Amino acid sequence: MTPFHRAREAATRLRHQLFGDGASSGIPANQVIDAVAAENAEDFDISDAAPDDEALGTADAVLVRKFRQIVVRNDVPSGERAFLIAHEFGHWKLHHEGHEGCHKVVDSTLKPEDSDTFGAQKIEAYGARERAELQANIFARELLLPRAVARGLFLAGKTATQLAQDLDVPLELVRQQLLDGLLLPEPPASSDDPPQPITPTQNQIAAATSSAKSSLVVAGPGTGKTATLLMRVQHLLAEGAKPENLLLLTFSNRAARELVDRLQELGVSNAHDIWVGTFHAFGLEFLRKNHEQFGLRPRFGVADKMAQIAVLEPHIYGLGLTAFNPLGDPLDWLKDVVSTIQRAKDELADADEFADAVEQSALDTSAEALARQHDVVKLYRCYESKMRANGSLVDMGDLVMLPALALTKDFAKYTASAGRFKHILIDEYQDVNRASVQLVKALAAHAESLWVVGDARQAIYRFRGASMRNIVRFGDDFPTHTTFPLNENRRSFEEVIRVFEHTGREGNPLQMVLPLDDVGSARGHSGIKPRHVQCANDDVVHGELAANVRRIHGLGVAYRDQVILASTHDTCSAAADSLNAAGVPALHLGDIFQRPEVKDLLALLQLFIDRSGSGLLRVSQLPGLQLPPTDVEKLLAWCKANRPMPLSWVAAPPPGLSVKGMAALQRWASTFDGLESADSPWEVACQLLLDRTDILRTHLAGSSILDITRRIALWQFIYYLRVPDGGRAYQTVGSFITRLRRRLRVGDDRELRIPPPEADSLDAVAVMTIHGSKGLEFEAVHLVDIDARHFRMGLDSDLIPQSLLQFIAPIENFEEQSEASNKLYVALSRAREHLVLYETKAMYNAECVAAITGAAHLLERVQGKAAVSKLPASPSGSSSVPAPAAYDLTGFLSYRVCPRRYYYDFIKELSPAAGLHPAALIEGAVMRELFALHGEEPGQPPAEVERVLASLGPAFRDSVPHLRDYADQLLASGRAWLGMQRAVMAKPIDVECAGIPLRVSPHRITKSGSVVKIEFVRVKPSGKLSRQHKTLKWVLKYLAESYPKYSFQGSIFVLGTGAEELVYPYGRLPADFFLVPIAQALMAGNFEAKPNPWECPKCRHFLHCPA
């Protein structure tokens, strides 16, 4: 139960007290406010005042508790006025007089364009200040229009706009309540029963009541870490500490939310006055209170990775970079640079200190890595100057580093912000980085006590900058500390404990410096030995997985108390799909941008910005927007030939459409009337889904876990449209699509895979990565794929100078190896009673992780047999397309990437460009300027580059000079290779490769004696193990067999580097060589989509595929 659900319940109770049975119907907002303020209810005086009235200060509304009065500004519409008043009533009902932030509305959530950036919203949600404001907002929304009422009225036929008019409430409030009520599962009512008391161990009591200035509580899995932390809070309050003097820092919003809720369940008086939140939330609040000290604006934004890249990218061209090429699309290396800058800030290093570290490490760094590090120094300095130029942005690293340095340097200057915290409590201390430690030291130096809890063997976030050194060498930072070990596990039975205990010792390098203490089991023996299921392939794994979930469910363990853990998102998705196909409910959102219901909305948005109209393939099948397939084909052909403005063909359709098609387009004209690409994607989506179509209504029926998951995914996506992305306060449909592609390419969308708290009560098997399971526990844990490759160490990027980092022991890769072992330890220790491990031999050289092999005596080994059949292919996966005389080699390479991409490119001949980086368009234009097709006259090079540059919209105006430089660079490289301005491509060669006729179209063929060189040109390096290399080696082999008099070799010239990659034919190959079934699938007309997190965001068909 979250604090926000409690706010909803409080509003519901008040509404029922006032209106009885009428509370479940729509009531105009002014009637609700009048009823609440009435003398026989809350007895409040509502006063209106001018916005500049002193009574308001800088607020929109003010609660004056002493006089039971609410003052509200007099220049807002009546609906917004009602919301502001209801918000203040929320503070009245939820928070006491002294609660910080209860005197003004910080963000009413009624204006999306005024919302915080994506980065800020991820951080703020559970900061103490924002938590109170969000609670009051939710109270107000639920008081004026309960979710259930909104849902009922919508299902009865009302639209969002009609509801806003009928009830005189803000349209934005209606939209949020509708989306929440329609798409989110309803959580169960909170229980009034107090939690069952737990008898603490003597070690817990000693830790909770410590009188030491600094206390380190070493708490292994299941030993009562959270319970001891809560006992510590209760002890401090009992000893006379005030709630507002306690600072409790943790590492995730989820953990902060749960701690607040547990404190309230325990009946801790004024628990909401304890500052509970993440390090980043604390830093954000600190910087906002002291913004002028840091040259920041009062409402500065927080830059996530995409915003950081956006800050740096326009300025990379004049920095004199030598290792990184600023021209073209620099995203692939810029994301690594930005991550390096963040890692430097984690280590408290500004640009100058980073530069010093580079020089200190120079002798131990390769020449290539050193050149890249020198470039990073230039980029870091540029980045910092631009970030600070206008004071409107900070990044994640700043949120911890800036407060840490400021408080260390001059604590007295910030006493008003940080001086009230007398007792510092830190959860999950093994996850802190160096900047966090410095912040803790600065705070603790002026506090009465520091109390931290953690476990070095649960440190698995080194890739985010955390270092287990901080807990292993805690005494280096706090020499006089006292250590309190917790050594009784209350979570797991003996059989489970012994397995993860074994893996925590055997093979874990930490055992050398921090031996693992013996832990007793409070629950004793269960008589159930953990299972090690050995499977021949993934089908057997999934069959055994379903069988074991059902078996354990039959023993009385609910589905919601079981979890599937895996190392990768792909493995999670495959496991969830197989369980649901087998009739076992599994909750897993996965990559929401690959989900069909989200693709429908992406295709809708694509239509607003794409001249090719490719989204028609998908949108023409949606409710109310159906078009006859023949008309769709005519529209696509006309759009390809004429490239009209997006959606202009709705009002001015091409000739030749059917009567049904013309009638359908008239409905389209009404549906899309007034909506433009310059509108926000949130506005477009809300109007289409809540006012103009029945698309959303088709997803509202059904109560299966798949139905519920679809609705949750839609909720995640639609709300994502509402959040300003990057550093800009407002996004359009076009900018959203462009940034979405880039966000997916840098992997900055993982937050959207986590279901909202409302899903916690669903009776479905949870599916998550091992890293996502941190801090959770389940009756049954199914660890899928215990292959050794998933538990190998990951190395630090070579962009980070080694002298910048601190280490536990003078042993190479000590922390990396320890963390790899810790990952397995964390996964195994999530289980209470049932632990099932699945090993698959599907991969080449598959090998079980050594720690599990070494624990064979603790496991029941089972041979897996319960295979499942393959999931049915998507209906869009096959097509009866006439076979060509020969398949183009370029097409075959495209098919290898994704069969569906081949279908769109070479069969449907679609050419959308929405959201693609213009560098990709430039690269295509360069190739057209350099080469004429075989049989054409070369003539003068066409002005393809200038045509592309002229077609770019205003969003890329500043990039045009750099794109032109990029084109000139590529053209110069190509012409130097050609020895002329433009050349005709060589005559194509037909060759049969393992039964598939291929047409090879080289850019040039050269012959020297009996040696024939087949030459190709590409823009970027491909790599010796790339698809193109392997496929070309395969083709060369069959060319050599077909023409035995000649010796064939291949060449790939790279325009971007000027380098030549030589390729030689394969020797003998097995009959089932991996390219053979790919070729057979192409000839069989199998065009199934092949989702890939790296390829899909770069694909021009991403938004509508598969359709």
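Heads up, the Cβ atoms here are built off N, Cα and C, so glycines get one too.
Feature annotation from TrEMBL assigns region 'Disordered' to 184-205.
Residues or ranges marked as domain 'UvrD-like helicase ATP-binding' in TrEMBL: 198-493.
Around Gly224 (ATP binding site), the same-chain residues six or more apart in sequence whose CB sits under 8 Å from its CB are Ile198, Pro200, Thr201, Gln204, Leu486, Glu488, Arg490, listed in sequence order. Classification of Gly224 (ATP binding site) by DSSP places it in coil, neither helical nor stranded. Positions annotated as ATP binding site by TrEMBL: Ala219, Gly220, Pro221, Gly222, Thr223, Gly224, Lys225, Thr226.
According to TrEMBL, the feature domain 'UvrD-like helicase C-terminal' maps to 497-775.
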Other residues near the ATP site, CB within 8 A of the CB centroid of Ala219, Gly220, Pro221, Gly222, Thr223, Gly224, Lys225, Thr226?
Thr228, Asp455, Leu486, Asn489, Arg490, Arg491
Check the domain 'UvrD-like helicase C-terminal' (497-775) for me and report the mean pLDDT.
94
Cβ atoms near Lys225 (ATP binding site) (within 10 Å, other residues, all chains):
23
Give me the long-range Cβ neighbours of Thr223 (ATP binding site): same chain, 6+ apart, Cβ under 8 Å, in sequence order.
Leu486, Asn487, Glu488, Asn489, Arg490, Val519
According to DSSP, which of helix, strand or coil covers Ala219 (ATP binding site)?
strand
